[in-house]
């Protein structure tokens, strides 16, 4: 005797909709139509495998293999109880430990599910009651509004910063070129978030469960590439500053192309590997969920390595700064070396991405709401902070803007006749690239001291 069951198609549709509403703590992605497709495709794959195995089995005196629309129950002799973990579909939203389901094989067939229906046996009632539907909706709307504002503000400020560093030729130097690539990585990351949201949460009438979801997969791949490139350009910032302070003589042009390869090339290699692996081993849905965690180490591993290297560089830079802040000839106007070290450290922490450590090492079972706020809302403002630190608070940028403002103020709106004599980037004084080249004419110790002063002046 088999327990009554709903028709498979109806069962699966009801389940997908119920889980998307009941398991809100999984994050805003729980409402994604593509994630519902992943659940349906996963269950369909398990169903086909179970039915194929059942057809190959011989008749037994016990209970034969059975598919109950969610779980495949193995062949079992009479009088035995089969205990299984809750289906993986319930664990996709958040790790659920300690919940099991069981059936007893009797002479009449399989018994009813114990300790009750799936939503009770797997603890969905407890999770759904922790936050009612209205509170969940308000929370997710607030999170989406928060990171939309953050990424929009970051995008606008980064575009302005890129324009400033591009238009003024006096600001063209290796250091600012690297800053511009870092800005671009944040711009692409913000753009990728908006594109991914459009692809994942499009409420149109498209058949999201069909194979015509290449655009959604491409959006997720682009998003993952932008995130990894963002980490690696933070690593490049650290490598450049460490080289500037620790190496007496080096070819900035040769090093710069190496930085380009690290910042944009290395992430593309790992993303291509990850894409190929997903196509062959996990090609269902929109690729925006973690089903096989081992595959995600192709992305997570290089990011964690870049964070580790940045942390090591951070310690080395702090050591160099302490040594360079002690000599009395570096600057006697500051109140104390420790105050300047504190200012430099505040600049280096976002530069080296140490703040990413807390995000990368959050445990999987950490409270989803708190993790979501940190990763989405707080992380969305990082581009804005970077633009403030490396452009708007840059002393050279401020001096150039003041000089241009004074020229515009004196000449007036129509006084551009002298523009041919004073082009956009033309200005008196030494450019930042000339400052670096002039360091080769002095001793290595004096060059390191001057380089250090140039970097600290950015604070």
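Every residue, even glycine, has its Cβ placed from backbone N, Cα and C.
Per Swiss-Prot, these features apply:
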SIGNAL    1-30  signal peptide
TOPO_DOM  31-142  topological domain 'Extracellular'
DISULFID  37-209  disulfide bond
DISULFID  50-72  disulfide bond
CARBOHYD  58  N-linked glycosylation site
DISULFID  63-105  disulfide bond
CARBOHYD  69  N-linked glycosylation site
DISULFID  86-122  disulfide bond
CARBOHYD  100  N-linked glycosylation site
CARBOHYD  104  N-linked glycosylation site
TRANSMEM  143-167  transmembrane segment
TOPO_DOM  168-175  topological domain 'Cytoplasmic'
TRANSMEM  176-197  transmembrane segment
TOPO_DOM  198-217  topological domain 'Extracellular'
DISULFID  216-286  disulfide bond
TRANSMEM  218-242  transmembrane segment
TOPO_DOM  243-255  topological domain 'Cytoplasmic'
TRANSMEM  256-277  transmembrane segment
TOPO_DOM  278-293  topological domain 'Extracellular'
CARBOHYD  292  N-linked glycosylation site
TRANSMEM  294-318  transmembrane segment
TOPO_DOM  319-340  topological domain 'Cytoplasmic'
TRANSMEM  341-361  transmembrane segment
TOPO_DOM  362-369  topological domain 'Extracellular'
TRANSMEM  370-393  transmembrane segment
TOPO_DOM  394-459  topological domain 'Cytoplasmic'
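Counting only residues at least six positions away in the same chain, the Cβ atoms of 62, 63, 76, 77, 78, 79, 80, 81, 82, 111 sit under 8 Å from the Cβ of residue 105 (disulfide bond). Within 10 Å of the C-beta of residue 216 (disulfide bond) there are 25 other C-beta atoms, taking all protein chains into account. In this chain, the transmembrane segment (176-197) lies close to the transmembrane segment (370-393): three or more C-beta pairs between them fall below 8 angstroms, excluding pairs fewer than 6 positions apart. Across the residues of the topological domain 'Extracellular' (198-217), the predicted structure has a mean pLDDT of 61. Cβ-based crowding with a 10 Å cutoff singles out 63 as the top-ranked of the disulfide-bonded residues 63, 86. The two recorded residues, residue 58 (N-linked glycosylation site) and residue 122 (disulfide bond), show a Cα separation of 32 Å. Taking the Cα atom of each, residue 50 (disulfide bond) and residue 69 (N-linked glycosylation site) are about 10 angstrom apart.
Here the candidates are the recorded positions 69, 100, 104, 216, 286, and by Cα distance the one nearest residue 122 (disulfide bond) turns out to be 100. Note: the CA-CA distance between residue 86 (disulfide bond) and residue 69 (N-linked glycosylation site) rounds to 13 Å.
In terms of DSSP helix, strand and coil, the topological domain 'Cytoplasmic' (168-175) has 5 helix, 0 strand, 3 coil.
Counting only same-chain residues six or more apart in sequence, the Cβ atoms lying under 8 angstroms from the Cβ of residue 104 (N-linked glycosylation site) belong to 80, 81, 82, 110, 111, 114. Checked against residue 286 (disulfide bond), the recorded positions 69, 72, 100 differ in C-alpha distance, with 69 being the nearest. With DSSP classes pooled into helix, strand and coil, the tally for the topological domain 'Cytoplasmic' (243-255) is 8 helix, 0 strand, 5 coil. Packing around residue 100 (N-linked glycosylation site) is summarised by its Cβ count: 12 other Cβ atoms lie within 10 angstroms of its Cβ, all protein chains included.
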